[in-house]
Amino acid sequence: MANVPEDPSDRTLEDVFYPADRIPFVEWDELSGAKPTVVLTGGVALLAFVTGLSNLSQASLALNGPLTAVVDLPLAVVRFGGVLFAFILGIVTVGLQRRKRLAWRVAVVVALGLVLLPLATFQPTDIPLLVMTLVTYPLLVRNRHRFDQSLDLSPIQIASLSAIFGVILYGTVGAYGLRGQFLELDSWGDAVYYVVVTIATVGYGDITPVTAEARWFSLSIILFGTGAFTVAVGALIGPAIESRMATAFGVMTASDLTLLEDHVVVLGYGDVTASLLEELGEETAVVVVTPDEETVASLKDEGVNLLTGDPTDEDVLRDARVGTASGVVVGSNDDARDVLAVIATKNVNPDIRTVAAATDQKHVEKFRAVGADEVINPRSIGGRLLGQSVLGRGSTESLLTGIGTDNGDPDNSE
Amino acid sequence: MATSDASGIAETVGRLLAPLCAASGALVLAGFFFPTLVGEAVTGPAWLTVALVFFSSGLCYIALLPYSEDSTGPAAADVFLRVRRTNVRRAVREFLTQHEPTILAFPVLVFAAFFALQMAFPTRTTSAVDAAAATVLTAGGPLFLAAVFLSVCYCLFLLVGPWGDIKLGGPDTEPSYTYPTYFTLVFTAGIAAGLVFWGPTEALFHYDQPPPYVGAPAQSVAAINGALVYTLFHWGISAWSAYAVIGVPIAYFAFTRGAPLRVSTVLAPVLGVDGLDSVWAKIVDTLAVFATIGGIATSVALVSEQFLAGINYQWDVAAGEIGPVLVVGGLTLIFVVSSATGIHRGIRRIAGLNVVLFGLFALLIVAVGPRSFILQRGTQAVGTYALEFVPLSLHMGGQWVAEWTVWNWSWWFSWAPFAGLFVAALSRGRRVRTVVFTSVVATSAATIVWFLLLGGTSLFIQHTGQADILAAIAQRGGSEAVVGFPLLSSLPLGQLLLFLFLALIIVFMATSADTSTLVVSVLATRRGVAPSATHIVFWGVFQGAVAVSVLLVGGAETLQALAVLTGGPFAVISLVAAGGLTVTWLRNERGHTSLVRRAVRKLPDIQTHHDVDPPEEK
């Protein structure tokens, strides 16, 4: 970088054909992680939607793919399949983004279904979807261990979901059993249709109870069903809204941080950390964990992720995803709490590189003792710099570079 | 970095290109997914424009993506400021002094003279060049056949013989390119859109009019095998050997003897490394520049015409007079940007995309094509090709061989200087065996598979009567461009295949033209001076301008014949180079082991282990 020739035409053929360092054609590591998997799944969902719409817009759809020779797929399934799968996959993508195990399982099944659809129709428009799904599938399988979060439903969510399921089951079986007492209710399909239309409070009125018994039965579905439906909507959507509100106030919830990997976690906020954030800000994602609400408010506009919590608490550190972080910086003004934070960090992830800033020189060894990989005492560095500078041994710049390499800091090469 | 003065502009252009590419891409996708809805709103010529905008903006964007994330060039404003401050006269003088005067002047003058003659006496010029070409190809036929056959033998010897062990650039040199990149660059630079056009076509031509060597009745079952064999022969090992024979000597003298990286370096064994400043070396370099520009420019022009002929046939889109010029303009934009961004950005990325598309297309053909027919006929054709390679190579069957085989060899030799020099430039740190294996065996394996797939499919379709492709050719006055279209539309997934086919034509042409632009710029600048972005843009635009003039003035075939004629001198030069290299290596490179000896050495080892190792031996 330093000696760019003044005249661009002075470069030699070396520069044209042989670069100093070999550049990989494709950064495979960057393209095969969990994040690209989520993005690709989203892309598949979008493409499935467009392809499904394209199939729907065609006046007639011929099934002449290789799959039709093996199994007999009903035309309706194929026609609407693309769009339906796209909706499911869209929801699943959100789940995958939160690293949910269940989402991964559903994605693996739905993606298989998406491979079958193009093989049934074999339209030219289906092939991009087929190719993209076939590219995504190995990534899903390869990153299976990355999607390890359980769904973590609260008791009320579980209760309301099972209530809905129970009411639908009860309603379907009951309505089918009483089908003689309903107008135009003849099959299992009609029964499901009637129950869902009733629970959702739509009630077209094409199927109507005609006896007293059937009316009482319908009333029970309406009471229990709409009740469960309303509670479920509240229980499932409420937390999402709460999390949105919390984010708006500058506080991250654990699920917002699940996407992070190879980030730097900064525990505590002190004098050193302010300039640290400037240094790190451009290069990597940073999560600041601090118990102080005021600091959080002041940092809200700085473009860093904030987590309000106690840095000495292992659960908070897990939320900050210390497990997948590339490093941890401990640097509040309180050495005693910092030592506890180092211990907590090492409890969560013993292998992580931990750098501590000691406020007091005599605490350096204590940090080392609890497992900090690197301990820096900003004051003593400042003092040494002052001394070197006043004696005139080289410029401050070169001293700084020297210190950078002494400490083996890999990010400080320039 | 090297092109940092241009990266500010590149960044600005890139920022404009991204939305352009996204918008045209969305329109193309909409047309692909909802043909009935969008088809009513957008008409034929508009589609052509949208597709061209999509291809060129997309490829340019890929080429312009930054080199690495942290390399920051000067801001665009600074660059524009510098442009404003530049003294025009000084810049032109600098540009001229960095060039080798003869190499700059000769091709420019020759092309100007050609176009002047073509405009003044179109028929006389054409007939004169045609007569010259016919004479050279008929009289010089044995020379071309011998040169190609000897090249194949020489490559085979390098592959298994002891000299395959020689590492170009000394034993400690590490190759600068990973093997996949190396193969991709060599393959895509060496072959252009001809692969796409002739893939479905050539076998069909030989099936319709069987070569005298085959001697089968026209359009018979027996003609199928002969047609496939001759197609493999014209595009197989023989063709690619021409590149290796020029490339290996250049690489050896450039990397181990300090000769400059130029085409004239093939003469180093004759002139000596110090004698490369002589007139002969300049003549060779000038001829190389002329052959390359002539070859690439006529290819670009012909490809554009064929591209539009095919589209016209398939969708009845009349592009008019301006159509080919627009296509040439788009192509020129792509290869100039790709070349100016350098090997590590544009050239390499578009080449990678090219190989991916190529593989995808071949896979789709395997999926929907007549697999058992191709497999059966293909293995038979490959067997015949291997068994009868020597008689095929030495067969001089009069007019037919002059028109097909010799013309083809001459065309490959006229491309050899630029492709060979490019192979040489990439090969630093590789063994001679790897170079020959990649540039001859691996590349011809890829082309052979391609020609068997596409040629086999078109023969199957024609022979079984699923579509009458030959009638389509006759209807278009024997143009080979239309063949792909009736063929692909008679297959399942025809629309998708056609779209990929069009993309392949553009990408294959761009990957050859960007390399040729770089090579011409290297050859035209003075020794020791590397071409700057200005030089590359100049030569790229010059090639585009020649292609446009050919289209406007006419005479694309005539100029092509003229470019092909330069294959003659290079056939001779390649023989001289191979001979000179052999003499040099006989003197200086001893003590290498051949593959055969290595294999033989392994054998007794195994035997001693099993037989001569009795436990009671003391």
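Glycine is treated like the rest: Cβ placed from N, Cα and C.
Database features (TrEMBL):
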DOMAIN    A:261-376  domain 'RCK N-terminal'
TRANSMEM  A:38-56  transmembrane segment
TRANSMEM  A:76-96  transmembrane segment
TRANSMEM  A:103-122  transmembrane segment
TRANSMEM  A:156-179  transmembrane segment
TRANSMEM  A:191-210  transmembrane segment
TRANSMEM  A:216-237  transmembrane segment
Counting by DSSP secondary structure, give me helix, strand and coil numbers for the domain 'RCK N-terminal' (A:261-376). 50 helix, 24 strand, 42 coil
How about the transmembrane segment (A:216-237) with the transmembrane segment (A:156-179) - do they touch, taking at least 3 C-beta pairs under 8 Å (6 or more apart in sequence) as contact? yes
Considering the transmembrane segment (A:191-210), which listed stretch of A:38-56, A:76-96, A:103-122, A:156-179 counts the most C-beta pairs under 8 Å: A:156-179
Contact between the transmembrane segment (A:38-56) and the transmembrane segment (A:156-179) (3 or more Cβ pairs under 8 Å, separation 6+): no
List, by number or range, the same-chain residues at least 6 past the transmembrane segment (A:103-122) whose CB is under 8 A from its CB atoms? 41, 44, 48, 51, 55, 61-68, 73, 78, 81-82, 85, 88-89, 92-96, 129-130, 133-134, 136-137, 140-141, 144, 147
Could you tell me the mean pLDDT the prediction assigns to the domain 'RCK N-terminal' (A:261-376)? 82
